[in-house]
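S.K.: Dropping a structure here in structure tokens format, bear with me for questions.
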Amino acid sequence: MQSSISLSSSYASTVSGPRHSFSLCGGSLVPSTLRFCGLRRQAFTSSSINHHCRRRLQHSAAVTAALSNNGTGPTLFDYDLLIIGAGVGGHGAALHAVEKGLKTAIVEGDVVGGTCVNRGCVPSKALLAVSGRMRELRDDHHLKSLGLQVSGAGYDRQAVADHANNLASKIRGNLTNSLKALGVDILTGFGTILGPQKVKVGSSNKVVTAKDIIIATGSVPFVPKGIEVDGKTVITSDHALKLETVPDWVAIVGSGYIGLEFSDVYTALGSEVTFIEALDQLMPGFDPEISKLAQRVLINPRNIDYHTGVFASKITPARDGKPVTIELIDAKTKEQKDTLEVDAALIATGRAPFTQGLGLENIDVVTQRGFVPVDERMRVLDANGNLVPHLYCIGDANGKMMLAHAASAQGISVVEQVTGRDHVLNHLTIPAACFTHPEISMVGLTEPQAREKGEKEGFEISVAKTSFKANTKALAENEGEGLAKLIYRPDTGEILGVHIFGLHAADLIHEASNAIALGTRIQDIKFAVHAHPTLSEVLDELFKSAKVKAQASAPVKEAVAV
């Protein structure tokens, strides 16, 4: 979940190696015997090499200046860029800003890393790593098919909790050190906007100014009305990640990403789970076909039952020897349906933006359900819909796409804009994943969304599918349960959406997301070569199974040096 930058430098010397020799060109090293494969010959003429050398020198000088001075100091402001919030989004924006030569500071009122690192995706992955191992060790049928014999698999709850906490601490330290190493000033305290380009930090009267400001304050767990959270028996994901207890029976309110992942953890550790979902089906945010398969694999065989189409209108924590009580009402009629008594309840009903106390009223900005209104370039809008100059908002605080890596991408996009390059982020290219066992991943549109778009815009939709049961690597692992689904336009070969359920789905999705981001058509990606035997061949077969009417793009005509 971390963001990083790659730094290049040139050395004024001649270097020889066992495979290549390098000659000095304008202060940069150019390989004189390097074998090029798949690159056009004319790209390596003398003039182009000289041009390349000049560009490398310019880039190296810019990055060196950024590292040594954190950009050049502004004459009118304390900083070129001030970021309020040091989560994954703020961190990604800060690193990119330094690479661009901006004098940068980041304001953090809590701890570096934000929700993702400290109370979200990072510690939850530690718990899910444990749940995955436990499932393998306790699946006698699976182990027997591999010729393995294991008995008496158990776990130490406190050691599992420590693993999650230690991972969060390590990643938090890495993020902090990366900011300090690049010269980013970390200002401790809650940031309050006093006016245009002006922020107060903490409870003191310290005021800093910046040419541009990014709000990146993230989100907190959303708790509906009528639910009393005590942090012990009625908990949010913040509490659950500490794993202070493993209840015998836990109700999970909400069956989205958070609820599904915790159901995976709790059932692997021996809990019985009951889902409470307001909509008529479980996993409502996923492609319906994927949801159906995931329910058959992730829900039905496990110690999980569920109630759909109901609200938890009131939840009372356990006290005085009485269990947690949950009152259920019909989501449509609001009539009383049932009352559950469980050992614990986890509230996984999503997240709410953390934007209170930011001083938005000082710049005439009115939030919408707590979210800061922005345009497609993350520029903040005031109460009249006008742009607030030099103010941006990224990540969960704007509500466009509440994912850590989306926040980072938005932050990088903003930095591109403030340094003179217009950039609009296409959120349909951003992948998402649910780290259950097996995993679920997706990018782009679901099939219903794509068909609705096709009807409105007048084009045909086609769907291709492939099974993990046809993949050699998956079968070698005895993990053939899975499906990959491609939604596309047969007339143009445009990829509209890809959805995967299966082994390492979260890793596999990026070939599809990058193809969408780069505008790669199916008729072209069909020629990509995948190593055999690998799980990546699931995507290879998926793209090759698509029936596209358009012809492939013309290949490069020039000879290729090998």
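Any Cβ shown, glycine's included, is placed from N, Cα and C.
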S.K.: Pick out which of CYS53, CYS121 TrEMBL lists as the disulfide partner of CYS116.
M.R.: CYS121
S.K.: Restricting the comparison to the recorded positions CYS116, GLY254, GLY256, GLU277, which residue's C-alpha is spatially nearest the C-alpha of ALA404 (FAD binding site)?
M.R.: CYS116
S.K.: Counting by DSSP, what is the helix, strand and coil composition of the domain 'Pyridine nucleotide-disulphide oxidoreductase dimerisation' (430-541)?
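M.R.: Summed by class, the stretch gives 42 helix, 29 strand, 41 coil.
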S.K.: At the level of the C-alpha atoms, what whole-angstrom distance separates GLY254 (NAD(+) binding site) and MET402 (FAD binding site)?
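M.R.: The separation of the Cα atoms works out to 16 Å.
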S.K.: Using all protein chains in view, find how many other C-beta atoms are within 10 Å of the C-beta of GLU277 (NAD(+) binding site).
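M.R.: There are 23 such Cβ atoms around GLU277 (NAD(+) binding site).
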S.K.: Using other CB atoms within 10 angstroms as the count, which residue among the binding-site residues THR217, SER219 scores least?
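M.R.: Among the binding-site residues THR217, SER219, the sparsest Cβ neighbourhood within 10 Å belongs to SER219.
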S.K.: Nearest to SER219 (FAD binding site) in three-dimensional space, by Cα, is which of the recorded positions GLY256, ILE258, HIS532?
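M.R.: Nearest in space to SER219 (FAD binding site), counting only the recorded positions, is ILE258.
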